[in-house]
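Annotated domain 'Transglutaminase-like' per TrEMBL: 161-226, in sequence order. Taken from TrEMBL, the feature region 'Disordered' applies to 252-275. Among the features that TrEMBL reports, compositional bias 'Basic and acidic residues' is placed at 255-269.
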Amino acid sequence: MRIRVSQQTTYRYAPPAKSMIQTLRLTPRNHDGQFVVSWRIDVDVDSRLRQGEDAFGNTTHVLSVGGPIDQLVVSVEGVVQTQDHAGVVRGAVERFPESLYLRETDLTVATEAVQAFAQDAVAAEGDPLGRMHALMSAVHARLEHRPEAPGPGQAASAAEAIEAAGADGAGLAHVFIASARSLGAPARFISGYLWTPDAGADAQAAHSWAEAHVPGFGWIGFDPQNNLCPTASYVRIAVGLDELGAAPVRGAHRGGGEHAPEVRLRIEAQDQSQS
């Protein structure tokens with residue numbers, strides 16, 4: 001499948017900000033089943049945009065802008081070729097051993113409630129792969145998806161999602177991750193895009209899911225929001241221990257008023273087997 005992504009994020013500051021700095025994780029990398037045909041990031045003001053990699057091997061761009069800044073637009077345009085590998089991820093950059101992804105974070109603490117949820121979810125499954133599928137299905141069935149997330153970097157923790165019996169997509173991924181780790185399975189957070197065929201090109205949204213390491217298979221994606229393993233409709237962007245580590249945008253500004261970024265996202269796809 002050939003997926004075209006066009007995203008425009010507008011920041012407005014009143015009064016103007018004196019300066020700002022952001023770390024952007026908005027660029028996908030190649031791996032088996034995902035090939036980046038073209039990708040670029042543009043900023044509509046004089047700025048410094050320095051490309052690099054973070055500790056997990058994600059492609060990053062550090063954006064530095066001097067003030068005064070009353071408006072700033074960050075544009076992303078790209079095309080990715082994808083194939084359905086049943087969620088199995090091979091050929092990706094791996095900087096750390098799988099055991100690192102057993103580490104808890106503030107958003108993925110395995111509280112007693114999380115542990116009880118996990119144990120109950122996999123009680124009828126014996127093999128590792130079956131347990132992860134059962135866990136994904138349990139998160140999907142028992143926790144309500146509430147898309148009104150408070151904003152980037154503000155997703156519900158696993159404990160909060162369990163207590164509230166629901167969360168945004170990132171919060172559901174946190175439940176899966178914390179639960180999987182409590183069962184001894186390394187797990188991590190993934191940010192990216194999902195093309196949804198039933199939605200129009202302008203009604204698409206960024207997406208998040210989880211990956212777990214399964215003996216004999218390696219890393220496999222699990223999307224508890226949709227109760228499926230990632231297909232060719234998914235574009236994998238960044239990996240982290242939780243949503244904060246894989247957030248598409250993190251940063252700060254000096255001076256200026258509070259701002260709510262306006263995001264316009266368009267995703268189009270062509271199933272080349274039918275072309």
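Easy rule for this one: first residue shown is 1, then count along the chain.
Cβ atoms are placed via backbone N, Cα and C, with glycine included.
Sequence-remote contacts of a segment are chain residues at least 6 beyond its ends whose Cβ falls under 8 Å from one of its Cβ atoms, and for the compositional bias 'Basic and acidic residues' (255-269) they are 1-19, 67, 69, 151, 193-195, 197, 201-202, 204-206, 233, 249.
DSSP assignment over the domain 'Transglutaminase-like' (161-226) gives 21 helix, 26 strand, 19 coil. Helix, strand and coil counts from DSSP across the compositional bias 'Basic and acidic residues' (255-269) read 0 helix, 8 strand, 7 coil.
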